[in-house]
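Engineer: From Swiss-Prot, for reference:
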SIGNAL    1-18  signal peptide
DOMAIN    19-148  domain 'C-type lysozyme'
DISULFID  CYS24-CYS146  disulfide bond
DISULFID  CYS48-CYS134  disulfide bond
ACT_SITE  GLU53  active site
ACT_SITE  ASP71  active site
DISULFID  CYS83-CYS99  disulfide bond
DISULFID  CYS95-CYS113  disulfide bond
Amino acid sequence: MKALTILGLVLLSVTVQGKIFERCELARTLKKLGLDGYKGVSLANWVCLAKWESGYNTEATNYNPGDESTDYGIFQINSRYWCNNGKTPGAVDACHISCSALLQNNIADAVACAKRVVSDPQGIRAWVAWRNHCQNKDVSQYVKGCGV
């Protein structure tokens, strides 16, 4: 029985591998990936968005029972419109990407899809967490001291 418990803990530690970025580490990464000022959205707004959507966690997921969709990754990109998880009824997959790609520690795919999302008419307002926590707020604190 003890061996099964240890095996279970080992398997659990293997499956929970999401990277949780430090604030400044994320700011520098997003800047390198071209998000600073992309479609007029400041780097501070992107970092604020990631803070409130996922807590900077690349492996965050959130199931939405109302429309049977799931939000994925550091930006909580939704499977109804943006990615394909093979489960969401009527999914559009506008980013032409597997939702699992949005859970990688390397966030290049997530950033590419976020650029696609923000290019739509709704822009960054597509994210509820941004509207609730970042819009019309002083978001400079999210990049303060980061050297970006």
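From the backbone N, Cα and C atoms, a Cβ is placed for every residue, glycine too.
Context for these features, please: burial, neighbours, distances.
Structural biologist: Helix, strand and coil counts from DSSP across the domain 'C-type lysozyme' (19-148) read 54 helix, 14 strand, 62 coil.
Within the same chain, the residues at least 6 positions away from CYS146 (disulfide bond) whose Cβ sits under 8 Å from its Cβ are ARG23, CYS24, ALA27, ARG28, listed in sequence order.
Counted within 10 Å of its Cβ, the other Cβ atoms near CYS134 (disulfide bond) come to 23, all protein chains included.
Sequence-distant neighbours of GLU53 (active site) (same chain, 6+ apart, CB under 8 A from its CB) are ALA60, ASP71, ILE74, PHE75, GLN76, TRP127, ALA129, TRP130.
Neighbour count (other Cβ atoms within 10 Å of the Cβ, all protein chains): 26 for CYS99 (disulfide bond).
Long-range C-beta contacts of CYS113 (disulfide bond), restricted to its own chain and to partners at least six residues apart, with a cutoff below 8 Å, comprise PHE75, ILE77, TRP82, CYS83, CYS95, ILE97, LEU102.
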Engineer: Find, among the disulfide-bonded residues listed as CYS24, CYS48, CYS83, CYS95, the one whose Cβ has the highest number of other Cβ atoms within 10 Å in the structure shown.
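Structural biologist: Comparing the disulfide-bonded residues CYS24, CYS48, CYS83, CYS95, the most crowded Cβ belongs to CYS83.
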Engineer: Measure from the CA atom of CYS99 (disulfide bond) to the CA atom of CYS134 (disulfide bond) and give the result in Å, rounded to a whole number.
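Structural biologist: So the Cα of CYS99 (disulfide bond) lies 25 Å away from that of CYS134 (disulfide bond).
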